[in-house]
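Here is the structure we will look at.
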Amino acid sequence: MQQEKELVKQKAKELLLDLLSIYTPSKNETNATKFFEKISNEFNLKLEILPDSNSFILGEGEILLASHVDTVPGYIEPKIENEVIYGRGAVDAKGPLISMIIAAWLLNEKGIKVMVSGLADEESTSIGAKELTLKNFNFKHIIVGEPSNGTDIVVEYRGSIQLDIMCESTPEHSSSAKSNLIVDISKKIIEVYKQPENYDKPSIVPTIIRAGESYNVTPAKLYLHFDVRYAINNKRDDLINEIKDKFQECGLKIVDETPPVKVSINNPVVKSLTRALLKQNIKPRLVRKAGTSDMNILQKITTSIATYGPGNSMLEHTNQEKITLDEIYIGVKTYMLAIEELWQKS
């Protein structure tokens with residue numbers, strides 16, 4: 001057992017440092033092509049690259065380990081200190097992805113067929129997950145790899161609506177202007193704004209505003225973007241109509257949308273992950289997350305789905321991303337135990 005653990009940790013160190021050295025912000029996933037070709041050859045896992053999103057699919061089978069290869073922008077030089085690995089994506093989500101790749105390799109060596117994906121664009125508009133749902137893959141079970149502290153099983157995510165608003169007005173000299181588009185729209189923003197408070201209450205948050213071209217002329221045009229988040233028990237149309245009513249004189253456009261997801265705590269993936277953690281004397285927690293993930297998209301394929309992964313979720317998107325080799329090992333072990341159970345029951 002100790003020998004297996006050291007083998008996994010050594011392989012995880014090698015692969016994760018290699019992958020962290022490759023800068024893959026969203027839409028730049030092709031930078032990792034040679035890495036996945038090497039994995040395919042070394043671990044004898046068939047490689048398929050989805051043509052539209054440049055997502056990477058390894059292996060075969062009806063069980064999918066799905067993580068993502070893209071990261072938020074901002075390269076961090078990878079390093080290792082005392083079995084702690086630092087780098088952009090160490091937590092979100094190259095650490096979980098490496099755990100999944102190693103688990104898939106070891107499972108396939110045992111004759112248990114499992115696929116693993118390094119999906120593209122999860123940090124943006126999830127074009128990788130969306131392309132996967134359009135392919136003829138038939139997955140009975142999906143485990144989504146995101147950092148969940150190595151103990152948490154995510155069974156619910158909120159949905160999101162990305163909304164562009166374009167407003168126009170007559171420009172005037174600022175010294176004698178009777179109206180001002182910035183002032184008028186700012187009042188409406190304050191009226192419609194819903195601060196993120198708790199999971200069950202929707203949030204409407206302005207994230208971008210642009211207007212004006214000259215120091216002494218009021219703006220003729222204004223661009224505004226809202227990031228709307230809502231739980232499965234909130235009414236999507238009511239939120240959109242509330243914003244439309246407030247900005248009646250402006251043009252509105254939904255530029256991206258992700259539905260909320262909530263799965264049964266009794267579905268096979270949740271139950272197998274729970275038992276996998278208990279077998280390691282780790283107390284599992286069922287949690288819900290305020291953001292979104294590829295699970296929101298992949299729920300279209302199967303209801304036997306949940307999210308789990310190694311890594312401290314508080315470090316996501318920060319410049320302090322780090323993960324320990326022990327965390328990755330627990331991730332590998334959990335994925336393997338869960339899939340072995342799912343395989344036996346299939």
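Counting begins at 1 with the first residue displayed.
Cβ coordinates are placed from backbone N, Cα and C, and glycine is handled just like the others.
For reference, Swiss-Prot has these:
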type: ACT_SITE; residues: Asp70; note: active site
type: ACT_SITE; residues: Glu122; note: active site, proton acceptor
type: BINDING; residues: His68, Asp92, Glu146; note: Zn(2+) 1 binding site
type: BINDING; residues: Asp92, Glu123, His317; note: Zn(2+) 2 binding site
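Candidate recorded positions: Glu122, Glu146, His317. Nearest to the residue listed as 'active site' by Cα distance: Glu122.
Closest in space to His317 (Zn(2+) 2 binding site), of the recorded positions given as His68, Asp92, Glu122, Glu146, is Asp92, taking the CA atom of each residue. It is Glu123, among the recorded positions Asp92, Glu122, Glu123, whose Cβ has the fewest other Cβ atoms within 10 Å in the structure shown. Summary of the Zn(2+) 2 site environment: with the site residues Asp92, Glu123, His317 set aside, the chain residues having Cβ atoms within 8 Å of the Cβ mean position are Thr71, Val72, Gly89, Ala93, Glu316. Asp70 (active site): 30 other CB atoms within 10 A of its CB, across all protein chains. Each of the binding-site residues His68, His317 was scored by the number of other CB atoms within 10 Å of its CB, and the largest score is that of His68. In this structure the alpha carbons, written CA, of the residue listed as 'active site, proton acceptor' and His68 (Zn(2+) 1 binding site) are 6 Å apart. Cα spacing between Glu123 (Zn(2+) 2 binding site) and Asp92 (Zn(2+) 1 binding site): 9 Å, rounded to the nearest whole number. Cβ neighbours within 10 Å of Glu146 (Zn(2+) 1 binding site), excluding its own Cβ and spanning all shown chains: 28.
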